[in-house]
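Database features, via Swiss-Prot:
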{"type": "BINDING", "residues": "Lys3", "note": "diphosphate binding site"}
{"type": "BINDING", "residues": "Gly66, Asn90, Asp92, Gly127, Asn154", "note": "GDP-alpha-D-mannose binding site"}
Amino acid sequence: MPKPLVDFGNKPMILHQIEALKGAGVTEVVLAINHQQPEVMLNFVKEYEKKLEIKITFSQETEPLGTAGPLALARDKLVDESGQPFFVLNSDVICEYPLLEMIEFHKTNRAEASIMVTEVDDPSKYGVVVTEEGTARVESFVEKPKHFVGNKINAGIYLLSPSVLDRIELRRTSIEKEIFPKIASEKKLYAMVLPGFWMDIGQPKDYITGQRMYLNSLREKTPQELATGDNIIGNVLVHESAVIGEGCLIGPDVVIGPGCVIDSGVRLFGCTVMRGVWIKEHACISNSIVGWDSTVGRWARVFNITVLGKDVNVADAEVYNSGVVIEEQGL
């Protein structure tokens, strides 16, 4: 399964972004890929082009092009006679996507490039974006600073004017390390501070943290989407087709996907249970991810950032702990 199509909050990761782009007035989305389009990706495009009434196309690399080269490759798809700027998003990023606000920010500052930044408590493990005091103009980038220079980091969402493409050669190029510093040196790069939550969910631990943040956001903005009931604790998202048995305790911070069957006496917290999963009686799953069409046996325990792939069968009373990643096999 291509990572952008992995479920998050009961929809493919990338669908969160495409819906936000649609809401901001975008009419065409270009997916940059570095492999043959698997059938599942083609099916996704066919389904959601129709549902969202938005054009979705591919730009495929034949060799690695870094984070900037794919933009040069897709130039003909990104530039038209209007000269309007275009968004670039990292597919692993989950947030509230304030894209309309970013368009206004870009216009107000007459920026060549605008980047979204988020504020973190410990910036030492990130590349820090340093802005001029009292303004949003980017001065420099400092990779994993040893001393405090700021707490803003790149959030992986950009709005670029077409002229940025003139700076990018069709070769392996880093937009963060090669292109943005040049634009910043010309005082044409601006950083918008992202309101609300943000997480790069590309790793299992961050996925689970991001899910908690996402559910908190739903609680604030659309609480009617969350489950309620005597067996629900905190923020829980349950697909309408899922079946939950008696005596279960679900939550907090749980997502249950379509077609799931949760038998009686099951305990779930801090976890994702994806489409078609069967959790048998009295099993317990915490801080873990259970992939599509898997089965977890009676009294089994799955916890501590364990990831089960597709079609995994966990035997009755088995215990799985701490980062085990298993795909399409019995345990």
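Counting begins at 1 with the first residue displayed.
Using the three backbone atoms N, Cα and C, a Cβ is placed for every residue, glycine included.
The two recorded residues, Asn154 (GDP-alpha-D-mannose binding site) and the residue listed as 'diphosphate binding site', have Cα atoms 21 Å apart. Here the C-alpha separation of Lys3 (diphosphate binding site) and Asp92 (GDP-alpha-D-mannose binding site) works out to 8 Å. Least crowded of the binding-site residues (Asn90, Asn154), judged by neighbouring Cβ atoms within 10 Å of its own Cβ: Asn90. For Gly127 (GDP-alpha-D-mannose binding site), the number of other Cβ atoms no farther than 10 Å from its own Cβ, over all displayed protein chains, is 14. Within 10 Å of its Cβ, the residue among the binding-site residues Lys3, Gly66, Asp92 with the fewest other Cβ atoms is Lys3. Look at the residue listed as 'diphosphate binding site': DSSP puts it in a helix.
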